[in-house]
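The signal peptide annotation in Swiss-Prot covers 1-28. The domain 'Tyrosine-protein phosphatase' annotation in Swiss-Prot covers 44-188 and is backed by sequence analysis. Under the heading active site, proton donor/acceptor, Swiss-Prot lists Asp105. Swiss-Prot lists Cys132 with the feature active site, phosphocysteine intermediate, giving sequence analysis as the kind of evidence.
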Amino acid sequence: MHRSPLAWLRLLLAAVLGAFLLGGPLHAAETAATRSPAWAQAVDPSINLYRMSPTLYRSALPNAQSVALLQRLQVKTVVSFIKDDDRAWLGQAPVRVLSLPTHADRVDDAEVLSVLRQLQAAEREGPVLMHCKHGNNRTGLFAAMYRIVVQGWDKQAALEEMQHGGFGDEDDMRDASAYVRGADVDGLRLAMANGECSPSRFAVCHVREWMAQALDRP
């Protein structure tokens, strides 16, 4: 049967549209099926809120409407990596606020170890939420290093979660990814276990310790 060029064009467009409509659900199903159950689980996508463990959550900057949810989650401490005052949205909610402003493009090992220790200390008092502005770069960096140093994940597994866990575009996490890729995992774990401020003996924090000790000598 002879078909006009217009008819063939209509058939082609219908085929392309059908493939697109079918491909979307299939891709979504494939993504859901391949997402590791060990990765942080979504709680409230509107603020990029995810549950990393029973005592640790991560998110973008929350708002006043988030307070009721955080109270249901029994969050006791909010750790912020930005300069904004969390009391602006928390109000008088009975939540401890810990302000640790950082920059993912120039974070160092001493800062990472300090944050990890403060997260662990806060977790002993109850669930903790850590956040930055968008919940992917600064928060992603500390979440990945928590996975690696505290929970014992390997570097690649932590990077996979960071980049494909649904927290944002991979391009938005370039600084965090660069730090994680270059991190001295063994050195950080050893320093964490030994209570040292940095894996490097020449880090500024160690120099300060030496100077303080020297000044204390009679």
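Numbers here mean position along the shown chain, with the first residue as 1.
Using the three backbone atoms N, Cα and C, a Cβ is placed for every residue, glycine included.
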Could you tell me how many residues in the domain 'Tyrosine-protein phosphatase' (44-188) are helical, how many are strand and how many are coil under DSSP? 74 helix, 22 strand, 49 coil
Alpha-carbon spacing, Cys132 (active site, phosphocysteine intermediate) to the residue listed as 'active site, proton donor/acceptor', which is rounded to whole Å: 14
Once near-sequence residues are set aside, which residues in the chain of Asp105 (active site, proton donor/acceptor), 6 or more away, have Cβ atoms under 8 Å from its Cβ? Asp175
Count of other CB atoms lying within 10 Å of the CB belonging to the residue listed as 'active site, phosphocysteine intermediate': 26
